[in-house]
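Structure, as structure tokens:
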Amino acid sequence: MAEQKTSGRRLRQPIVVVLGHVDHGKTTLLDKIRGTTVAAKEPGLITQHVGASFVPASVIEKLAEPLKKIIPFKLIIPGLLFIDTPGHELFANLRRRGGSVADFAILVVDINEGFQPQTYESIEILRQRRVPFVVAANKIDKIPGWRANPDTPFLISLQKQAQRVREELERRLWDNIISKLYELGFQADRFDRIRDFTRTVAVIPISAKTGEGIAELLAVLAGLTQRYLQHRLRFAEGPAKGVILEIREQPGLGTAADVVIYDGVLRKGDIIVTGGLNGPVITHVRALLMPKPLQEIRVAKRELEPVEEVYAAAGVRIVAPGLEEAIAGAPVFVARDEGEAKQLAEKVRREIEALRIKTEAEGVIVKADTLGSLEAMIEALRKRDIPIRYADVGPVAKRDVIEAVASRELNKFYGVILAFNVKVLPEAEEEAKKHGITIFTNNVIYRLLEDFEKWYKEQVEAERRKELEKLVRPGKIRLLPGYVFRRSNPAIVGVEVLGGVIKPGYPLMREDGKRIGTIHQIQDKGKVIHEARAGMAVAISIRGHVMVGRHIDEGDVLYTDIPEQHAVLWLTKFKSELTDDEMVVLKEIIKIKRKQNPAYAVVLGKPQGAKP
């Protein structure tokens, strides 16, 4: 391939990220890709970036040589730039307004385990950021009977497998990956069976361990990006645009920012504008650092050396004054002069302010370590219809706890703090203990949300049970003839529960609606019990101005005297909590009550209970 000169560049290299569930092989795949590149021994073309690895087109073509008869292609992109750190937390920082800096993604799925929680979360964030992806169906070497052919293209290795092994591969591809993509609304198929890649997600079986299928993975990635993303990959000579991946200390030079440049040119001395915790940061590039060219992979510590300029797409470390204020996930723009810097600063300020949430409404408090993770948290919460009162970048501080207390006043279930990958300051911890505010912390978004949702459900259920316990349930009893043990003060009688339930503390009324007292105690065969249900015969004591023979008689039927508000709740919020016989008794109670008050337990203008 002709050497890519700066002036003659037509397309820049696509930026590729690797996502997937923990232990599905993301890091192994990246290591394999880097190792393959070094092993290809292309002098001068093996370039490492800060936080990224570049695989030149010539290496891809060399690897894919055996495939040319099956998949003919010619590369016009310079190669592929892989972001070194896998996972969707870092991917979240590759943000740009309306999408992502990443041009393409590899979703790594263990073909034997299939989709796991982080697989779904990865797809969710790819959808949110509108990033196209292919699936690397990893660990084919773990399929029973698979005979490994190291560093061989998948299609060639497949021909060397037994028929039953091929069939097992097909079954696992379908059951664990392709069918799951269909369930999520994606058409998908094995890459070599696809005619229209714009409509179908390509699934490439690989082994990151043995290197099988890596040739196809790189060839498909390169082919798809240059064919469908040319408009996005056009090289621009103008001022650079990028995004901060990470802020770090550079020994001897102070604070530095690891940045992915996705457009234009960045030069030493340029004015750059980025986003900080307390507003936009305008500064000058003091130094640009890139790793020295590698002779072999896995060098313990890569040395960085200064360079004068960097062209997109690239990973570079920028040293500049004031970067200690900058935050990961913030955009980076090069300004031509101070006037343009002020305009860009306003643009950055608006972009970051749009992410921060500050309201007086009910909702959870969100703190995250970077703008990217904050954005991902907000999107994930909104998708789950969880309201947000306050969201910002930085550690959990005392003021966040005060916000949570204010939110709890409006809704007790939302007075909590969700802290993603950030510290909780000691004074915040103290304040939280003082006010009983729960702080959820985790460095995996889906686990953080899972923990909160579990807690939320438990709290709502506990509150519901508490409310339920306060309600008088429908109950109907008959005084058993011959079982009057005491006529008054309190009256003690034997009763049969005809329907519903009775409990101590429940008021009782006659069939004419007149209240006659309250159940004080219930006994069954001499033992005190807390409730009696339909079909039971028990002894009850009744407190109040009631005398057997004057106010009630043997054989009388009594009902629990349900307050109107309780009846409304039984007919609406807690209807599903009533048994069939309780519902029958409730209708009878409502009928009795309506003779005295026709509006009793009328809900939304419609009488409830006469014929519910």
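Counting starts with 1 at the first residue shown.
In case you wondered, yes, glycine gets a Cβ from its N, Cα and C as well.
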Swiss-Prot annotation of region 'G4' - which of the ranges 138-141, 190-193, 246-249, 398-401 it falls on:
138-141
Per Swiss-Prot, which of 4-11, 20-27 is region 'G1'?
20-27
Which range, 45-49, 290-294, 300-304, 500-504, does Swiss-Prot list as region 'G2'?
45-49
Swiss-Prot annotation of region 'G3' - which of the ranges 84-87, 96-99, 464-467 it falls on
84-87
Going by DSSP, is T85 (GTP binding site) sitting in a helix, a strand, or coil?
coil
Restricting attention to the domain 'tr-type G' (11-229), give the mean pLDDT.
86
Cβ neighbour count within 10 Å of D23 (GTP binding site)
12
Give me the DSSP three-state residue breakdown of the region 'G1' (20-27), ordered helix, strand, coil.
2 helix, 1 strand, 5 coil
Give me the count of other Cβ atoms within 10 A of the Cβ belonging to G20 (GTP binding site).
27
Would you identify the secondary structure of I140 (GTP binding site) according to DSSP, in three states?
helix
